[in-house]
Amino acid sequence: MFFFKNLFSFKKKRADLAAQGPLFDFLKSILGYYPENIYVFTEAFTHRSAQKKDDKGNSINFERLEFLGDALLGASAATHLYYKAPEQQEGYLTKMRSKIVSRKQLNSISKQLGLLNYLEPKNNHANLGEDVNGDLLEALVGAIYVDKGAKAVEDFIKIKIIDPYADLDRLESTITSHKSLILEWSQKTRNTLRFNTFEEQNAEDLQVFVSVIRLNDKVISKGRGTSKKKAEESASKRAYYTLQKKIENI
């Protein structure tokens, strides 16, 4: 009886998994195993613009898993640095951790994995901003933890993020915050740099922020993002390239 009960449960689980189609096959290819909790992975690949809700009316989207994944990535990066750089002090370790889990880095890794191809809804991904790639990676990390626990998520982070991308020599020369860089330059050179950041409504009624940077009252760049922080960093990156020669000569 126990055998038939387990067999029925196994067949039902596989039928549920098969119903997920391409997402399930994709997850198997990058995780190396079949997920147990398919529903948490479906949540990890659902954007709030899909407007999905559960039976209780709660929104289904990747934001809670993104929050969890962000914390897990930070802890994993900190652990790696603690053992990898025993001679370094807290300031260096903090700086390197921020570079390992920077938005630019996570966006790049997510693109290489192809996560955006499986995000719901399938259309209008361009309107979600560049950083949705990194958000997806964080949500995936959170889903792995919920599905399989600490060991599985540690292995994934090590294999997919730490080992290939956490080279300290390379990271030391990597810019993680263009905003900090241009603000530091403006203070040293006594130039006035101002950010004007505001919310903008678009056709899809998604929350988008716009940031305008003025240097000595002259507009030098604009940027957009799904948060004020992201919009300001986007604008700062464009401002940096405008001011790059001046900044590098300081």
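Backbone N, Cα and C define each Cβ position, glycine as well.
The domain 'RNase III' annotation in TrEMBL covers 63-71. Counting residues 6+ beyond its ends, the domain 'RNase III' (63-71) has Cβ neighbours under 8 Å at 40, 43-44, 48, 101, 135, 137-143, 145-146 in the same chain.
Counting every protein chain shown, the Cβ of GLU138 (Mg(2+) binding site) has 26 other Cβ atoms within 10 Å. According to its DSSP assignment, GLU138 (Mg(2+) binding site) is helical. Feature annotation from TrEMBL assigns Mg(2+) binding site to GLU66, ASP135, GLU138.
In the three-state DSSP assignment, the secondary structure recorded for ASP70 (active site) is helix. Remark: ASP70 (active site) has VAL101, GLU138 as non-local neighbours, by Cβ distance under 8 Å and separation of at least 6 in sequence. Annotation comment: TrEMBL describes ASP70 (among others) as active site.
The annotation active site is assigned in TrEMBL to GLU138 (among others).
Of all the binding-site residues listed (GLU66, ASP135), ASP135 sits in the most crowded Cβ setting, with the most other Cβ atoms within 10 Å. Close to the recorded Mg(2+) site, the chain also has PHE62, GLU63, LEU65, PHE67, GLY69, ASP70, GLY134, LEU136, LEU137, ALA139, GLY142: residues not among GLU66, ASP135, GLU138 whose Cβ is within 8 Å of the site's Cβ mean position.
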